[in-house]
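**Student:** Provided herewith is a single structure, encoded as structure tokens, for subsequent inquiry.
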């Protein structure tokens with residue numbers, strides 16, 4: 001490594017944001033350096049060993065559509081795959097993979113080490129070099145100055161990180177890793193708007209001390225789903241089940257009796273925790289009427305005995321953790337291998353960023369991941385690919401890019417952050433997107449891969465595969481719109497049809513019937529339809545069956561725009577508005593916005609919530 005070399009882009013941090021940022025910049029052909037405090041922990045899953053879920057799976061598919069690493073790594077490391085919301089509409093269906101931590105790190109490292117234009121170096125960063133309002137490089141822990149034309153910071157929970165277990169606290173970026181204290185101070189000296197957030201993790205348990213007979217087994221799906229558009233089920237390692245258990249009233253009693261020892265409830269922690277991933281202490285206090293809470297018992301990998309009990313994140317003292325864990329069904333003899341803990345860390349107000357994730361104060365300095373106030377691997381990776389790409393585009397003097405809200409969940413994520421900011425760790429949900437019928441998991445490639453190719457992100461293998469898929473969809477749709485299903489075909493479909501056809505119709509129209517799928521149409525020899533892979537026939541079916549819903553949603557969006565200046569009465573009690581989440585009610589009652597437009601700029605108040613407000617105003621005969 002030549003210390004005098006000028007890198008185009010330096011990425012600081014080797015987590016989920018940093019790895020995607022470094023790969024994206026390198027794919028665009030610029031000289032990229034990835035700095036990490038530990039090469040062995042590139043792509044480390046610091047908390048739960050899982051990828052995807054509601055809203056999050058959509059982000060993973062979009063990252064994959066732009067030729068990112070996360071979906072491919074999840075396929076190579078996933079030890080259980082499930083489609084969540086499988087019985088619901090395609091807009092909210094989401095893929096989730098339980099992952100082997102070791103295999104995931106290995107898959108990410110393999111992609112990094114095989115990427116052209118990318119150098120990896122193990123060094124923590126203590127400072128940025130700033131000259132003339134621009135960043136010119138970084139200073140490492142051992143005093144090396146590394147020069148760059150752009151820098152991407154993806155430092156996770158390491159900035160000013162402080163770990164809490166009971167009343168004990170110590171500096172740390174995560175358990176076993178040092179924090180970035182010097183870099184945190186350097187960034188604060190730049191007068192960037194800074195705050196503190198908190199997250200936590202549960203104790204880990206030795207599988208051999210668990211009685212699984214008291215639990216409900218949760219197998220994966222068959223056939224086994226895949227994450228990457230280039231993936232197949234043969235990419236997956238051995239598949240294993242998860243299990244479900246529950247806390248008991250004894251669990252709750254122990255936690256209630258020890259709340260004074262919780263750093264959260266004793267006022268020791270200043271940072272705000274994630275609303276949608278509360279600690280077990282929070283659950284007991286906030287949902288005092290519940291006699292039990294569900295726990296997902298998840299394996300950490302194929303070569304470890306450690307189990308991740310998803311649902312009991314805690315910062316209570318270790319001896320209290322042992323007590324309450326052993327009151328949970330199946331955990332009566334549990335041996336804790338690692339204590340649960342809370343960690344608080346610095347983040348910077350994302351309203352100080354452009355939509356390209358560059359800081360407004362220093363235009364060649366980019367932020368991605370938890371430094372922007374988000375929580376979750378997927379949210380971090382989504383920001384990473386955008387920040388790394390835009391850092392490279394800036395170097396190449398090309399126009400920067402970020403998807404719009406109607407193009408991608410990545411666009412929703414970034415727009416929410418830079419427009420509204422966040423005072424609590426931001427997690428993606430499908431409910432945050434007003435265009436969710438357009439932004440499905442199944443069509444992320446159709447939405448983004450062509451743009452990714454234009455930008456230089458998408459390689460030849462993905463582009464060739466995508467082009468063939470798109471051609472198959474378009475040519476088959478043309479056939480369906482120009483072919484007819486006749487009334488006399490009623491006999492052919494009599495076992496499937498809920499109601500017989502009354503008149504001839506185009507095949508595309510016939511496919512809109514809920515009981516009819518593409519396989520039924522293949523029964524008609526005169527249509528000459530091709531045999532196609534499931535992912536293509538599924539896309540064709542969805543495009544036809546949901547065409548009317550998508551059109552209606554677009555009309556709703558237009559209507560909503562017309563009502564942006566609708567005034568909201570000061571006396572309006574948002575508890576009376578049917579359908580609003582507790583988060584939205586809480587924020588609206590506290591802020592009391594004067595108009596629908598102002599309400600829409602409040603973090604967490606989605607366009608769907610604005611529609612509910614509009615309906616309430618009309619029903620209440622309040623002026624609209």
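Numbering starts at 1 and runs along the chain as displayed.
Placed from the backbone N, Cα and C atoms, the Cβ positions cover glycine too.
Remember, predicted model here, so these are calculated numbers, not experimental data.
Straight from Swiss-Prot, here's the annotation block:
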BINDING   13, 14, 15, 16, 17, 18, 125, 180, 370  FAD binding site
BINDING   273-287  NAD(+) binding site
**Student:** Relative to the Cα of residue 273 (NAD(+) binding site), which of the binding-site residues 13, 17, 370 has the closest Cα?
**Tutor:** 370
**Student:** Who sits close to residue 15 (FAD binding site): which same-chain residues at least 6 apart have their Cβ under 8 Å from its Cβ?
**Tutor:** 43, 44, 46, 154, 156, 369, 377, 380
**Student:** Which one of the binding-site residues (17, 125, 277, 285) has its C-beta surrounded by the most other C-beta atoms within 10 angstroms?
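**Tutor:** Answer returned by the neighbour count: 17.
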**Student:** With residue 281 (NAD(+) binding site) as the reference Cα, tell me which of the binding-site residues 13, 17, 125, 370 is the closest one.
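**Tutor:** Out of the listed candidates, the nearest Cα belongs to 370.
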**Student:** Using C-alpha positions only, work out which of the binding-site residues 17, 125, 370 is nearest to residue 277 (NAD(+) binding site).
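**Tutor:** Comparing Cα positions, the closest of these binding-site residues turns out to be 370.
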**Student:** Expressed to the nearest Å, what is the distance separating residue 283 (NAD(+) binding site) and residue 370 (FAD binding site) at their Cα atoms?
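**Tutor:** Here the two Cα atoms lie 23 Å apart.
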**Student:** Per the record, FAD is bound by 13, 14, 15, 16, 17, 18, 125, 180, 370: how many Å separate the farthest pair of Cα atoms?
**Tutor:** 18
**Student:** Compute the C-alpha separation of residue 13 (FAD binding site) from residue 275 (NAD(+) binding site), stating it in Å without decimals.
**Tutor:** 26
**Student:** What is the separation, in Å, between the Cα atoms of residue 275 (NAD(+) binding site) and residue 370 (FAD binding site)?
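**Tutor:** Taking the Cα atoms only, residue 275 (NAD(+) binding site) lies 15 Å from residue 370 (FAD binding site).
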**Student:** Taking Cα atoms as reference points, which of the binding-site residues 17, 125, 370 is nearest to residue 279 (NAD(+) binding site)?
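**Tutor:** Of all the candidates listed, 370 is nearest in space.
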**Student:** For residue 283 (NAD(+) binding site), list the number of other Cβ atoms lying within 10 Å of its Cβ atom.
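**Tutor:** Other Cβ atoms within 10 Å of residue 283 (NAD(+) binding site): 18.
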